C-alpha cells in the first residue's frame, strides 16, 4: 500500500505550511480540504489515500480534511509518426501509438503527485 507514503508526504507538507503560517503570527484552526493532482500512472487509489490520511492526521489540524483529487491522464508522443495525444491506460505495459501502433513512444505526464492548494481556517477570519 504505497498510499501510506503519499499520505504521509501530504500531511508533512501541509503541517509545514501550517507551521510557517503560525510563525507569521496566524493561528490555524483547521485544514478543511486539500486539492491534489494525481497522475493516472501512479496507480493510487484516492479512496485508500483518503482513508490512510484520515488515520494519520487524527491528532493534527488536518483531522477531518477532505482530499480532493484531479486525475491527470498521461499523454503519448510517437517518435515515428509524431502523433501526440492521450494514452489509454487500460494496460500500461502495452504502450503503443494509437495512430500507427509503433512502440517507439515517449510518455508525457501521468506520474504527477502534486498538492495544488489547501483550504485552511484561521482564528483571525470571521
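Using N, Cα and C of the backbone, Cβ positions are placed for all residues, glycine too.
If you check Swiss-Prot, you get these features:
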- 2: Ni(2+) binding site (BINDING)
- 78, 81, 97, 100: Zn(2+) binding site (BINDING)
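Here the features listed in Swiss-Prot are painted onto the structure.
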| residue | record | contacts (Cβ under 8 Å, 6+ apart) |
| --- | --- | --- |
| 2 | Ni(2+) binding site | 44 |
| 78 | Zn(2+) binding site | 84, 97, 99, 100, 102, 104, 105 |
| 81 | Zn(2+) binding site | 97, 99, 100, 102 |
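When the binding-site residues 97, 100 are compared by the number of other C-beta atoms lying within 10 angstroms of their own C-beta, 100 comes out lowest. Highlighted in sequence order, 79, 80, 82, 83, 98, 99, 101, 102, 104, 105 have their Cβ within 8 Å of the centre of the Cβ atoms of 78, 81, 97, 100, the residues recorded for Zn(2+), and are not part of that set.
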